[in-house]
């Protein structure tokens, strides 16, 4: 499936023709990519031109997105193990390759500890301007992993690596190891991120239903979106903004419905008062303040993007399929109406004198199909707000009534499997917005001491299933690159 925005494309009922398929966004800088494993063919967008690793799973969406090179960040230099190349010369990157590759790698989490790691069955599963993604199998455990190989600027620490090393959550793809390797050119250094392998993406799952002319079952929409919001609540509590939320970066296991957020190549620790590039995030999912050129934005840009993903799953197509940066704003205005002067000021004060055509908001009930649950529409409208501070927080989204079915005892997946772990909250998660805990923790999991605490069995579930060691966000981030 080729990339780029569909021709036409206003939301249902707004007067412009729309395609019926899930379109791969054009994204930033470069042209839009194809579907997973596809080729680029869409129109260019607004952004910095970093191809998305849509993901470490069954395929790699090559849509481009904003953000600087993944090798941006604070000072520092490359690490150990740079004397060898990966894959080694002569290794056949085919499906049947039995060649074993051994590298000295550092554990992804915890103290820096190196060990030998052996791989086999190496094959390319995606590439882009960021580098290459391989699939491999750990020789010792036979576990599949994805290896993201990116060119490392020796002058900087790699921001993606620094962020991945501090994240530990059941809804975020885990960094197993990392190692450095040399390139073909002199002094060329590559960083290799060894990540857990997850077979599918929300993009591919949704496209499967669309191709079959089916609507994705609402229970999957609930399970996927809930886990996305939970992952956002966690990274935002760590001071990290993802800055490239889209269906291609949401990995899912089609059997268990576990979702994991991936591709932190555009992510950044946001610090109040420090400027950030607005040329970020794939076009269809860009918050309006980014289109307005804001540099003091907050993590609420991720919430807008998540709202776009929710709307896309409900509609079966992107809700704001802009053909360019300016057209992206037009698509948003066609649904939300012209922003008020105050809303514009909240997004970027420099635009308050700009004259916009006055367009009335399109009723949300007419944007979506008649059978769309009212709670889903209500949640969408609370996420897709012009004013960044008016959007729900990720945990407020988790507590929304749209997800009440997930908190009901006995709810199962359509394949009769149990729901994935949804309530194995760590103490850190429960401390983000404690006032919501009475809603977030289902009645059957509450302890007798009160609704804000989990039962001991649930607490054990937390410890065994997440392995989280939550900590407050760093007061003084070590990453100093201003992008």
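From the backbone N, Cα and C atoms, a Cβ is placed for every residue, glycine too.
When you go through 203, 234, 279, 297 in Swiss-Prot, the residue listed as phosphotyrosine is 279. When the Cα of residue 279 (phosphotyrosine) is compared against those of the recorded positions 127, 129, 131, 244, the shortest separation belongs to 244. DSSP assigns residue 244 (active site, proton acceptor) to coil in the three-state reduction, outside any helix or strand. Cα to Cα, residue 131 (ATP binding site) and residue 244 (active site, proton acceptor) are separated by 17 Å.
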